[in-house]
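According to TrEMBL, the NADPH binding site annotation covers 13, 14, 15, 16, 127, 129, 217. According to TrEMBL, the feature 1-deoxy-D-xylulose 5-phosphate binding site maps to 128, 154, 155, 188, 211, 224, 229, 230, 233. Look at TrEMBL and you will find 153, 155, 233 tagged as Mn(2+) binding site. For 7-135, the entry in TrEMBL reads domain '1-deoxy-D-xylulose 5-phosphate reductoisomerase N-terminal'. The domain '1-deoxy-D-xylulose 5-phosphate reductoisomerase C-terminal' feature in TrEMBL is assigned to 149-241. Per TrEMBL, domain 'DXP reductoisomerase C-terminal' is recorded for 273-388.
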Ligand code: NAD
Ligand code: MG
């Protein structure tokens, strides 16, 4: 009989978190939820506690945790409610947990995800920002502690599926060693694929968050609209597959049916296709190397009929070029790019800056800060903090310009 997998879901109330619980609920004998976490959404977390009976429920926010603890007590649930950043790390590294879904959004997910790596867990990585900001440190910890890293991002999950089973990222030239010539990373192009540069000046957060193919959290929705998401994914692919920037090509594919492709030296190209539903990559990683039911509608190619491909437009979406530039610069550059983007996205969502100011702010922050080497987590955290200070300073100046 198969042993039961014990899970911690970091960010269980979000888009990826709830999709993960949806898959888990379809396989009650296979998975057991040990811990669920969120920032401050105690109402959703309470509903999840009722349904999944975790041992721990963690909120970052103390007030939200107090409210949850009270409701848990009234309902007579055997759930221990914890709060704060240290508790997130604790539940990511519990001895009884074998698998951690890392689905917190942004840099806030770094420490708990690294805690899971240090504890040698199987990490299902949705939180791409953690890998972008701390690539080398993260990958070194995974290797040192024998953790397993499985990509949840649909593109990277597709690439993982299309690479040879014995693919190793530990060669000096991993792609060549496996006969791979190129990784083709598909992009939907987001909600503004056909929006002109002059129209982009006036787009609103609501328009930016209305993605044509995927239902996602607000931060990644804005990242998709600027295409910085694809830039973060290029950096993510670099670390996951030990692929140089030149071997990662972005291809805009508006239908989001082909989730990415691997091109081999013999001319073969292997792709993974499916309806755009994150339960597919989540289930693949949860059950790897097995396949399980997800509830996703089967792909009907005749209904899709057409698959289009176009080149990405670096003029309208300069964020993608900035990410390639940061990857090539190495060291702290991707950390700075990620931090500046997080500050810019919050400012855009709060209607402090216009859409096109997002890549401009990132560019200015990158230009302001020298690239330094990354050897330790402290190097990452200080580059992240430094970039946020500069980004906020520039933001104050630019907000005055834009108001
Ligand atoms: P979301 O905003 O829907 O959910 C984020 C989750 O993280 C929530 O549970 C929230 O409570 C928690 N959280 C937010 N800030 C926190 C903090 N400071 N401390 C602790 N917890 C915090 O986001 P999402 O769309 O589910 O995305 C999660 C991650 O997965 C992101 O890194 C995103 O890039 C990645 N991802 C998402 C999708 C998707 O389809 N949604 C696809 C690929 C990758
Ligand atoms: Mg993706």
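Each residue, glycine too, has its Cβ placed from N, Cα and C.
Automated prediction, rather than curation, is the source of TrEMBL annotations.
The separation of residue 14 (NADPH binding site) from residue 229 (1-deoxy-D-xylulose 5-phosphate binding site), Cα to Cα, is 17 Å. Taking the Cβ of residue 14 (NADPH binding site) as centre and 10 Å as the limit, one finds 23 other Cβ atoms among all the protein chains shown. When the binding-site residues 13, 15, 127, 229 are compared by the number of other CB atoms within 10 angstroms of each CB, 15 has the fewest. Closeness to ligand 1 is met by 13, 15, 128, 153, these being the binding-site residues among 13, 15, 128, 153, 155 whose Cβ falls under 6 Å from the molecule. Distance between Cα atoms for residue 127 (NADPH binding site) and residue 155 (1-deoxy-D-xylulose 5-phosphate binding site): 14 Å, as a whole number.
Sequence-distant neighbours of residue 155 (1-deoxy-D-xylulose 5-phosphate binding site) (same chain, 6+ residues apart, CB-CB distance under 8 A): 185, 186, 233, 237, 259, 260. Among the binding-site residues 13, 14, 15, 16, 217, none has a Cα sitting within 10 Å of the Cα of residue 128 (1-deoxy-D-xylulose 5-phosphate binding site).
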